[in-house]
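Database features (Swiss-Prot):
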- D34, D87, E159, E161: Mg(2+) 1 binding site (BINDING)
- R71, E159, G232, D234: DNA binding site (BINDING)
- D180, D182, D234: Mg(2+) 2 binding site (BINDING)
- 374-389: compositional bias 'Basic residues' (COMPBIAS)
- 1-105: region 'N-domain' (REGION)
- 123-254: region 'I-domain' (REGION)
- 338-346: region 'Interaction with PCNA' (REGION)
- 356-389: region 'Disordered' (REGION)
Amino acid sequence: MGIKGLTALLSENAPGAMREQKFTSYLDRRVAIDASMHIYQFMIAVGRTGEQTLTNEAGEVTSHLQGMLMRTSRMLEAGIKPVYVFDGKPPTMKGGELAKRKDKREEAEAALKAAREAGNQEEVEKLSKRTVRVSKEQSMEVMKLAQLLGIPAFEAPCEAEATCAAMCKAGLVWAVGTEDMDTLTFAAPRVARNLMAPKSAEKPVLEFDYEKTIAGLGLTADQFIDLCILCGCDYTDTIRGVGPKTALKLIKEHGSIEKILEAIDTEKYPPPKDWEFAGARELFKNPEVMDVSGINLSWKAPDEEGLVEFLVKEKQFQEDRVRGVCARIRKARQGAASQNRLESFFGPPKIISSTIGKRKVEETKSGKGSKAGLNKKSKGVSGYKSKKT
């Protein structure tokens, strides 16, 4: 799920923390990828027609492998160096959120059955996406694929995004590639969204800077964590009736959740019973992560014959397509070997602002300006949403 409404909140209150980057701007950059989150997205989107997912002749789902193969190939061809990190066991505090997700899946499955019986194809397609779940076997298949492609791959002891953030803080990678904004709550120095989007989507990479985030909001690191808990996170519930804007206002006024609870009308804004916000805060401050101190990251040439054995012979992929991917990656590696990184390659970042929740009016000078100019909106980022189910 990430942090509810955080992107919109930053767009309005700390636009300098966000910038649009070209995909090619990440040439020679190391990026830790939240693999588990992206596998789920591939299971929903890649090769889906109605409620039918991409499968091989044996009926095995291959959407996760197809999606990861093509997105990984695109990154490697662009000179990006991905590091894949997979979820380990969920933290105990996430049990409530996981139970809610299970209930929602069961509700969706019941509604899906009714939609099938009614012949409502639009509802069938929508509801079938809500019933998707990623198995341990599918995660291990993607890890095997990454290793055959010559990419470092790790299973985190707990949440993948927390270990990704630890890698970024340690300087092992430049940024974390994920759609989940709670990676920023784990204090990852840079978070890159849309890095795994298909080329056809033509989405710029949306990069968030942690230090500029807390500076732009006027908060300390601890206050930012409390803000994220108030907005809504995976680890605990939040105060009913308090959305992101109100949460920011309250944190700025009172400084902490404890002080907020002392000050607000709890009948108007009832907090959850036995609210474990302190436990959630501790999870964000000191998450269980992999020891990254002794990690030596290296990228190798793809194991072409190993990929053919796995994808073609086991999973019925087309051999010419698999070999074509390997050829493109080899060509990119050869080109990268003869290049040095040029800082001039990066154009000036485009700082973006948003009109989410408010209308920006351009003030006129010396009486100049028209009504048309006064009513013109600046480009927002409301299309960017975190999604974790």
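Placement of Cβ uses the backbone N, Cα and C atoms for every residue, glycine included.
On the structure: features taken from Swiss-Prot.
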{"residue": "D34", "record": "Mg(2+) 1 binding site", "Cβ within 10 Å": "28"}
{"residue": "R71", "record": "DNA binding site", "Cβ within 10 Å": "22"}
{"residue": "D87", "record": "Mg(2+) 1 binding site", "Cβ within 10 Å": "22"}
{"residue": "E159", "record": "Mg(2+) 1 binding site", "Cβ within 10 Å": "28"}
{"residue": "E161", "record": "Mg(2+) 1 binding site", "Cβ within 10 Å": "31"}
{"residue": "D180", "record": "Mg(2+) 2 binding site", "Cβ within 10 Å": "25"}
{"residue": "D182", "record": "Mg(2+) 2 binding site", "Cβ within 10 Å": "25"}
{"residue": "G232", "record": "DNA binding site", "Cβ within 10 Å": "20"}
{"residue": "D234", "record": "DNA binding site", "Cβ within 10 Å": "22"}
Cβ within 8 Å of the Mg(2+) 1 site's Cβ centroid: which residues qualify beyond D34, D87, E159, E161?
S36, M37, V85, A156, A160, A162, T163, C164, T178, D180, T183
Near D182 (Mg(2+) 2 binding site), meaning Cα within 10 Å, which of D34, R71, D87, E161 (binding-site residues)?
E161
Residue pair G232 (DNA binding site), D87 (Mg(2+) 1 binding site) - Cα distance, angstrom, rounded:
21
Sorry to bug you, but what's the C-alpha spacing from D34 (Mg(2+) 1 binding site) to D180 (Mg(2+) 2 binding site), rounded to the closest Å?
9
How many helix, strand and coil residues does the region 'I-domain' (123-254) contain under DSSP?
68 helix, 15 strand, 49 coil
Where D87 (Mg(2+) 1 binding site) and D234 (DNA binding site) are concerned, what is their Cα separation in Å, rounded?
14
Model confidence over the region 'I-domain' (123-254) (mean pLDDT, whole number)
92
D234 (DNA binding site) and E161 (Mg(2+) 1 binding site), Cα-Cα, nearest whole angstrom:
13
Express the distance between the Cα positions of R71 (DNA binding site) and E159 (Mg(2+) 1 binding site) as a whole number of Å.
22
Rounded to the nearest Å, what's the C-alpha distance separating D34 (Mg(2+) 1 binding site) and D234 (DNA binding site)? Just drop the number here, would you?
16
Whole-number Å value for how far D234 (DNA binding site) lies from E159 (Mg(2+) 1 binding site) (Cα to Cα)
11
For D87 (Mg(2+) 1 binding site), the three-state DSSP class is coil
Pairwise Cα distance maximum in Å, DNA-binding residues per record: R71, E159, G232, D234
30
Is R71 (DNA binding site) helix, strand or coil when read with DSSP?
helix
